[in-house]
Amino acid sequence: MFRKRLPPEEERKVKANDREYNEKFQYASNCIVTSKYNIITFLPVNLFEQFQEVANTYFLFLLILQLIPQISSLSWFTTIVPLALVLSITAVKDATDDYFRHKSDNQVNNRDFNLLLQNEKWMNVRVGDIIKLENNQFVAADVLLLSTSEPHGLCYIETAELDGETNMKVRQSISVTAELCDPNHLASFDGEVMCEPPNNKLDRFCGTLYWREKKYPLTNQNMLLRGCVLRNTEACYGLVIFAGPDTKLMQNSGRTKFKRTSIDRLMNTLVLWIFGFLVCMGGILAVGNAIWEKEVGFLFQSFLPWDPPVDNFLFSAFLSFWSYVIILNTVVPISLYVSVEVIRLGHSYFINWDQQMFCSQCNTAAEARTTTLNEELGQVEYIFSDKTGTLTQNIMTFNKCSINGQSYGMLNFTPLNPLADPNFCFYDEKLLESVKVGDPHTHEFFRLLSLCHTVMIVSSVCTGELVYKAQSPDEGALVTAARNFGFVFRSRTPGTITTTEMGQTVTYSLLAILDFNNIRKRMSVIVRNPEGRIRLYCKGADTVLVERLQPCNQELINGLRTLALAYRDLSEEEWEAWSESHRFADKATDCREDRLAATYDKIEQEMLLLGATAIEDKLQEGVPETIALLSLANIKIWVLTGDKQETAVNIGYSCKMLTDDMTEVFIISGHTVQSVRHELRSVFFKCRFSQISCVKYTLEHQRTYILEIKSQKCTLDWNMEEEFLSTACACKAVICCRVTPLQKAQVVELIKKHKKAVTLAVGDGANDVSMIKSAHIGVGISGQEGIQAVLASDYSFAQFRFLQRLLLVHGRWSYLRMCRFLCYFFYKNFAFTMVHFWFGFFCGFSAQTVYDQFFITLYNIVYTSLPVLAMGMFDQDVPDQRSLEYPKLYEPGQLNLLFNKREFFICITQGIYTSVVLFFVPYAVLSDATQSNGVPLADYQSFAVTTATALVIVVSVQIALDTGFWTVFNHVFVWGSLGSFFTIMFALHSQTLFRNLPNQFHFVGSAQNTLLQPVVWLTIALATAICIVPVLAFRFLKLDLKPQLSDTVRKPNMGGVWRGTGSVSEGRLGARGGSRRSGYAFAHQEGFGELITSGKNMRLSKASLAGRGSQLVPEHPTEQDLPPLLGKQAMSSRWINPICLLSTTSLHASLERGKDCSKQTVNFICPVSLS
């Protein structure tokens, strides 16, 4: 915790197995500390944090004043007891939260691992150590892979905790260390690594290994990062390069921030204003005291002298000022903060107990992991969401396909194919029949899927079950589809692929693999069948393949915007010529990748279209409806994902963030800041005259190594922020693609900085943690990617659809209840306190209180605390279902209409008006009134009882009017508090207490004598009427002349009128509109092509036999999702309306202050409706 801050590293030097050498650089250990306190620092640090709250400092100051007997008119316990209670409750809550952080840290730090020949704990790992990892183990630190149990130093990892992707990835050690599998040889390894300093770039590593007077380049493919899980690899060894906080996982985690609501911040301001108002009132009364003592008080010196040390009227005024500060401090009682914490705790339990936010599939309930942000849920304007696992289930399903002009979708395979995957479902008997009868187009379609891929295969020794391991979940789904239709991929060698086609084993010669990458957006294989025919099979994005088809085929690909399949027959001469050019490009020492790409492009021409597939990253239940509903609530939704643009756009269509109305696309490209700024402004200018529908903003990873650590303090270049925000915020929705975890946080910080809006971030993986921590409110989805997001979140649940209920019901209610609570609390306390101010003018400014001190003590604790607490806990303006039917009800929270400075001044004005009535009406009536026996009622104690009784009745009637939803608790608390007032008052004014403690109970018999007089009750009734009638009249007029939406929704006869414009059934989904464009994802990634053709991956270890299964549960899509690809069915002109897409490279005009802007790619696309 107190580690000395070291200067930034420029280069890291690590020597294997030499701790003495490495320790001189003072590298961080592998011990992770996310907690804030320890036993020694807890009390001082926590108290320091709590007294940063203005209110706590204010009450501490009052407590010190009350300890001075010369100025204190109230007992010190009236302040110290509630202050200690508030501090204690907050400290216990903070200690509990930090205890769980310590528990989590200890669990991670004490994990076991193997340090070569001995077992150790994670916390004891040091930079330069060589550690052993076994199958299914988490990687303890960022390590350089030295050797593995697999051939050629290969290993397979899962990176869900880093980037949210559950598909496997391949890493490979450098060849010179691949044979160091013996622990004794590794213990003598003395290589030295020089590499980049710690940074947050998950996809980049640059370094050099120096060993035996030679140097070997190191890349990201040689690294295993902390948080990864070793899969299908028996064991591997690695050299620790970065440990603990220096690891890339921790570098992307972001700092834990203290989150406060906008109401808390406003309350701090109001407390300062109230203190200023208090000082003014005290100053006025002190001046009055000085004048009174000088002009009148000296006449009483003979029999009522000043108490020492007062010796003149000025010093008397000085003491009077502080006395009135103490007396009038109840305008902001500390019970306010106790009540606020209790209300927030209750709201948190309501979220936890909500059965409609309980997921029965995973047996997970919603959880409020904080109690301080509930009302902020009712003010959200921007939602930042991850895509994979948050909007989608992270499960790829083969839902539809189109072959030879016929669309197919969704059947049971077991009777046809015993090798079928039992988890695969595809419901269309026509396609099954086409396979049975041997339709050549259908067979060739599935033959392509079984051959054109880089899938690894694992077969269980016990059951013989086939398990496919793919670099991309899409590719795995396609091969599984072919398998279930009778074209089963069984095995491969570097030169062959063996399949089972309708029960017959067929072996193809694998001549070449043209692997996928993000630029090509396609992959191909060239194979020779047993008859000797050479054929190229290709699959890729339709936008890429359409220009490579024969002219007669190009017009046929106009329906399915996903993955297209094509083939081309090659003669022996064509193959030989191309093979020679391919070998030449492959051996090139410069521009090898470009040369290979050109060679691939040359042969992938003049192809014939076979069909297309629809692979869906299945949306979670209710995602489109939730997004539509939140949009109607004027909440802007931005999707921040690490996926590429095509995948994000397709999901955007699936969840109806994007619609077919978006027919024109703007692409911003440039290589300088000036050009990008010019194009941003150009787009914004055009957007001003068009209906903006969406912006897709692509932030590409920076590929070129930079020596300096990039700034993490800003998202966009400082002089580009305004242009970016002006354009993006004018749009309805935003999709940010190719963003790193830290960039997600930077985008959130940008909106917080410039828009001053409440932000909410929702994600499910460790790659979303920094975004969740940066937003005002963080929500974790307990999905398939671990619990890192949940642990870092403020709220968690199992499904994205629960977000609508969290915000539109619980958030709106919490905000409404807190605002009503605060308005009433300030009203009742100003009404109570300001009576002292008016009384000061009639008591010689002597700091005499109107009420007895027990009433002052109990007013906020007993007489008025429970009714307002019940209102703050249970009140609601409309039922929960109406809150969902009318999302426009959410807008007052976004606009901060229910509690702001204006509402505060209205409340205190009403309170001051009530105090005037409560003081001057009894004063005017009782000054000349007499009891039934002729004794005057104009005494101090009778006046105090009358005023106190009228005050309690008035504020009780007022809260009855303010309460919109009555429960049994409201009735018990309101009428019970009123009854308790009379019971306690009669007890305190009894003879019994006076006889026992005569110095403490001075009002003996006052209540009994005063409240038996009819004139007193008439006075109380008059004061109540004067206070309440104007409020009733104003509210009736407002309801009749300017009703709010909530007022209209409550009227049963108006339900049908509003349902047409704001309800779920019509307004919500109708406002978004459906898309006829397919929303299926195309998320192919670069595969294992080079490894396959090199033969490096052909031997599998024993551990690889324990493969993981997958659940593929497809939905039943509508027929509109997949229009026929071929055939006579014609698409409407609206469907085939072309979209202009340009492929350009532009600069990194955002995400890092002061960097070279020519090294980043930005695709900024604005689909605009011109209809």
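Backbone N, Cα and C define each Cβ position, glycine as well.
What TrEMBL records for 14-80 is domain 'P-type ATPase N-terminal'. As a summary of secondary structure, the domain 'P-type ATPase N-terminal' (14-80) carries 31 helix, 2 strand, 34 coil according to DSSP.
Over all protein chains present, the Cβ of ASP386 (active site, 4-aspartylphosphate intermediate) has 31 other Cβ atoms lying within 10 Å. Positions annotated as active site, 4-aspartylphosphate intermediate by TrEMBL: ASP386.
Taken from TrEMBL, the feature Mg(2+) binding site covers ASP386, THR388, ASP764, ASP768.
Taken from TrEMBL, the feature domain 'P-type ATPase C-terminal' applies to 790-1043.
Of the recorded residues, ASP764 (Mg(2+) binding site) and ASP386 (active site, 4-aspartylphosphate intermediate) place their C-alpha atoms 8 Å from one another.
In this structure, the CA atom of ASP768 (Mg(2+) binding site) is 7 Å away from the CA atom of ASP386 (active site, 4-aspartylphosphate intermediate). The Cβ neighbour count for ASP764 (Mg(2+) binding site), using a 10 Å radius and every protein chain shown, is 34.
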